[in-house]
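Right, one structure below, let's go through it.
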Amino acid sequence: MKNLKTVLAGQPNCGKSTIFNLVSGIEQHIANYPGVTVDKKVGFFKYQDYKIQMVDLPGTYSFSSYSLEERVAKEYIINENPDIIVNVVDASNLKRNLYLTFQLLEMGLPVIVVLNMMDVAARREIKIDSQKISSMLNCPVVEASGAKGIGGDEIMKSVVSLYENKTNFEEFKINYEELESFILEIEEQIKDSTSNLSKRWLAIKALEGDETIIKYLNDEFPTIKDTLEKQNSLFETRYDKNIVTFLATFRYDSAEIIYQKTVKHENKNQETLTDKADKIVLNRFLALPILFILMFLVYEISIVMGYKLTDYTWPILASFKNLVIDFMPEANFTDVPMITDFAIWMVNSANALLNYIPIFFILFALIAIMEDVGYMPRMAFILDRVFRKFGLHGQSTLPLVLGGAMVGGCAVPGVMSTKGIADERARMATILTVPYMNCLAKVPFYTLLLAAFFRTDMAIMMFYISTITVFSALIVAKILTTTVLKNRETAPFVMELPPYHLPTLKGVVIRSSQRVWLYIKKVVTIVLAVAIVLFALLQFPGLSDESKVKFENMSNNALSEFDLQIKDSTYYEHINSKEKVSQLLNYYDNYRTKKMINSSDSVDESFIKQNELFYKFIRPLKDEEAKKVNTALKKLSNDRKNILREIKNEKVETSLLGMAGKSIEPLTKYAGFDWKINVAFLSSFAARESAVATLGSLYENNKADNQRAEEAMAQNSGYTPLHATAIIIFMLLTPPCIATMIVVKMQTNSFKWMLFAIFFPIGLGIISSAIIFTLGNMYSWSGFEAMTYYYIVVLLITLILGLYPNKSINWKGGLKNS
């Protein structure tokens, strides 16, 4: 079979990814968002007698070098020399899309133009003469509707046909009139170039000031830069025009000519449903209130209503925990085997996070709906008005949203997606502020504290949390862009708003399921790996000899008291040893736990079969002797739980990790943090989910029961809602995980900025938490009051800084309506 290398090129939102999926059969995430395909995607498949390699290049509006997407797309074509370029064009926006088409055709490589979204064009009553377009562009033109699965085979037939008949390929050329003599001058100088690309295209791009092409040519022709400077200067002097502007104008004029000759748009001036909706959604006075209302509804539905669903998932997780414990060696009163302790620790760590799956599924589904409807790019446009006041950029929206501006993101892809921001100042500021967003890993931590201390105010508290992070990011961005980043280069922002679309149930379910599955995989891999390390750090050096003696005496005293209470019972001979009492106690605790999960008679029948005698002590009915044992057994069970809790607390407190948490307690005590909270924060630097897993394991009982992590924390921690507020504020501002720090280093190429991203948020977080906690104690604020006051202060600082003008900002946001 023959090899055939093709590339897909097109502007953002032209449906390029759907065409890629259609012809290759490979799934790729599709969203109505500019620049969603940041890296090239490669698919390998067979068609007729060919092995096809298809590369999906990043969406780009042109082949200038303003952004990384444009450079990646252009450099790939230059360096890889594909056999065929498939240019995907949005048929409903033909005029704009032709701007890139001209530049692709001028490269001198075989091009096929795919008129995608023909169904959308038909709905808008746009009629296109594709044959006439083909004759005017000197290349094949294929009609398609990728979303409906139409045109895939026709595209591949054209690819093969053009490849097999390259000799029939006729080079496309725009007559640039005044510039032609200058183009010929450069062509003459580079005529001996070894490149397979059109010498004319290389000359045009060089005159356009394209740094990539100039560098490419300079390797072969060292004097090319001098020639270009002279030619540019001569053109501007002679015609009083800038070459870049001249070329852009000519291309747009050429696109207009083709459009007028090949397209008929009936009811052109008729207002569409999208236009009507945008008059409200993008209204300068209504846009932000609508955005905030939508965010609040997202949290109300996902966090509050989703939490109610955990009433159904938690019994399942508790049953799994009990099932695991059933396979572990039983405790000999307070002597719990390490393998059992380890199993309980691991299950508690996983369950503390898996319990929030219903919340995440609903949250991801709502975000997927907003993506599919087309609201996410509108959010970028709305927020661009705000971002510009703080030195950020409309293109900062995607990284911030990915990072968790809507709660539930991840800072790693958020930081990585900043490479598409052409504005260097905004890019650096965005990299350093994305970590302030509420990544997915932080949501369980917030939910844990809110469920434990703010059950009646969960929605408004979650709204505070999500918006405070955005305000904090804006404040930090303003400070950075007016100080250390003020001299960095800036660039314009252009984006388009796609038409509104109805989301499909299948698409929403698949998208949300994929994200939940990624979350589960992270719990199974990273978080449980961290849990293993933490377990080891919490076991050593272990209890001292004095403590072992102390707890042994406490155990003996509890057993002796039990022995005294039942000594006169007729059942005494059956439970007159430590081993028998331990068996009875384990039987009793297991019964209570399983009855809490399942109250049916089947549980009783199961335990009767296990040990009919022991069952009498649990359900004595009218047996007075059994009642005496039952009373003593209840007290012994409570005594054992108290002793186990003391053993656990002392073991953790004297462990390596406990000592690390205690070492920073003199600093964190001003914010109300004890060593356990310090341990949770230290453990979460590897992965933020570990904070919940650690707290869930530290505060839950070692025995099998169905107590949730939030219930255990509320009952056993000694914290107040004010403590919880201080803890939340610190987590809001605390630095991200190790993986994010590595990506920050990669994107900034600087250890200095990586260290800044670690220590500046830590300092800001501990100071803010300490101030709120101190003032809260001083004025007897409740946790909710303290959070409200903090919110008001942050909001006022944000508004004040927003009024302070940014200097040296030389760009404005732009908008392209689809």
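Just so you know, glycine gets a Cβ as well, placed from its N, Cα and C.
Here is what TrEMBL says about this protein:
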type: BINDING; residues: GLY35, VAL36, THR37, VAL38, ASP39; note: GTP 2 binding site
type: BINDING; residues: ASP56, LEU57, PRO58, GLY59; note: GTP 3 binding site
type: COILED; residues: 626-653; note: coiled coil
type: DOMAIN; residues: 3-165; note: domain 'FeoB-type G'
type: TRANSMEM; residues: 285-307; note: transmembrane segment
type: TRANSMEM; residues: 342-369; note: transmembrane segment
type: TRANSMEM; residues: 434-454; note: transmembrane segment
type: TRANSMEM; residues: 460-480; note: transmembrane segment
type: TRANSMEM; residues: 516-538; note: transmembrane segment
type: TRANSMEM; residues: 722-744; note: transmembrane segment
type: TRANSMEM; residues: 756-776; note: transmembrane segment
type: TRANSMEM; residues: 788-806; note: transmembrane segment
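On the structure: features taken from TrEMBL.
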residue	record	Cβ within 10 Å
ASP56	GTP 3 binding site	25
LEU57	GTP 3 binding site	24
PRO58	GTP 3 binding site	24
GLY59	GTP 3 binding site	26
Three-state secondary structure, ASP56 (GTP 3 binding site) (per DSSP): strand
Dominant neighbour of the transmembrane segment (285-307) in 434-454, 460-480, 722-744, 756-776, 788-806, by Cβ pairs under 8 Å: 460-480
Residue numbers, six or more beyond the limits of the transmembrane segment (788-806), whose CB comes under 8 Å of its CB atoms: 386, 388-391, 464, 467-468, 471-472, 474-475, 478-479, 481-482, 725, 729, 768, 772, 775, 781
Intrachain neighbours beyond the transmembrane segment (460-480), with Cβ under 8 angstroms and 6 or more residues off its ends: 292, 295-296, 299, 303, 386-387, 389-392, 400, 404-407, 428-430, 432-434, 436-438, 446, 450, 454, 728, 732-733, 760, 784, 787-788, 790-791, 794-795, 797-798, 801-802, 804, 806
Non-local residues, at least 6 beyond the ends, that sit with Cβ under 8 Å of the coiled coil (626-653): 333-334, 336, 538-539, 542-543, 547, 551, 554-555, 558-559, 561-562, 565-566, 568-569, 571, 575, 581, 584-585, 588-589, 616-618, 620, 662, 675-676, 679, 698, 701-703, 716
